[in-house]
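Trainee: After the structure tokens below, expect a handful of questions from me.
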Amino acid sequence: MTVDLATLYLLAIGTLLASSAMTYWEHISHPKRGNELRMLAIGYAALGGGCALATFRRELLGAAGAAVSNLVILGGYLLVLHAVAMFNGRRYVRSSTGLLLLMGLTWTASTASSQTAIWLYVSAIPIALVSAMTALELTRCDGIPAVQSRRVAVVVTGIHALFYATRAFALPWLISVFGAGAQSIASKITMYEGVLYSVILPMTLLRLTREEIHGELLQESRTDYLTRLGNRRLFFEEGERVIHEHGIRRLPVTLLAFDLDQFKRINDRFGHKTGDEVLKSFADTVRSVVDAETSGVLARIGGEEFAALLPSYDTHRARTVAETVANRFAAISHGADGNRFRATVSIGLAESDRETASLTHLLSVADQALYRAKSLGGNRLVHATDEHTGHAAVF
């Protein structure tokens, strides 16, 4: 079965317009990326419209048909580049305008005899350039998540750039060697690749957007709403992984269990709003210390209970982290003017045995040490031993 060039053009037009409609519809469901998706939809529509003009360029526009359809198609590619750049917080307004003007001047200065060469070869240069720039934007990690669909989009746009670069620079030589038949074959191959591009790239970018939203929802499901620390789910999912990996390598893992002292009394006396501010204040304090010290797992695992898992930390280093957190938190003044107070925290410390400890076991040991710290009056650190005993250090 043979497919002529006009049929391939019609296929490209249909897929591009369908992709435009689907992408525009998608922006309703993803308002965060609404501007980017609308720009992509306009770009696909421009590409589809440009292909339609190219198919009937002589019938609709006469001698100007090639120039107009080429500029519309180039504008569509530039809109796609602009949309992808918007994912990363960048724009290509000036460079896009300059490229369109340059191509417009090229067509304006052309003669009747040179227009065929511009249509077949020269017009492919800016398309190859813009496609390569789109691939480059997709490789950047500024705002586009590093997911599988992004890598597919890089490959698709990179291959598209390669096809048009080959058309611009290698096709004239191929025609001189193999004759005019090479032109017909090259045109069909280019359009066939264009049809694949018109299907795969829009679907891939839609998938990328959905994966980004899915990742954000997953992250939100693992984040405590009030403190923006990890929640219990994140702590156990990430913590088990950390302990397993460090157990294999026989590296220490230390767990700090925190509990704010007299928190119920703070809520009863000053109100839940003040209590929430105390929780957020402690979260900010422990985050500033743990994030600066280690790539540990930090979470709010209960009402006023927090936990920090410190990979590759021995008891001495973990104690330093705990003391820093406790001292910084105790120095913070809470409450409204004229009714200020300071809060303290009790801490239980437990270290894995480097081989067999599970997160549940380690947390249980740290909790036992924490309960002992609370029973001794709070505002202190208790280091648990393997036998669940320990000594207390008052801050």
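Our numbering is plain: 1 for the first residue shown, then up by one each step along the chain.
From the backbone N, Cα and C atoms, a Cβ is placed for every residue, glycine too.
TrEMBL: automatically predicted annotations, no manual curation.
What TrEMBL records for this protein is below:
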{"type": "TRANSMEM", "residues": "6-25", "note": "transmembrane segment"}
{"type": "TRANSMEM", "residues": "37-56", "note": "transmembrane segment"}
{"type": "TRANSMEM", "residues": "62-80", "note": "transmembrane segment"}
{"type": "TRANSMEM", "residues": "118-139", "note": "transmembrane segment"}
{"type": "TRANSMEM", "residues": "151-169", "note": "transmembrane segment"}
{"type": "DOMAIN", "residues": "251-386", "note": "domain 'GGDEF'"}
Trainee: Using a Cβ cut-off of under 8 Å, list the residues of the same chain at least 6 residues beyond the transmembrane segment (151-169) that approach it.
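Mentor: Distant Cβ neighbours of the transmembrane segment (151-169) are 120-122, 124-125, 127-129, 131-132, 134-135, 138-139, 186, 189-190, 193-194, 196-197, 200-201, 204-205, 208.
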Trainee: Helix, strand, coil residue numbers for the domain 'GGDEF' (251-386) per DSSP?
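Mentor: Residue counts for the domain 'GGDEF' (251-386) by secondary structure: 63 helix, 35 strand, 38 coil.
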Trainee: Considering only Cβ pairs under 8 Å, which range in 6-25, 37-56, 62-80 makes the most contacts with the transmembrane segment (118-139)?
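Mentor: Per the Cβ count, the answer is 62-80.
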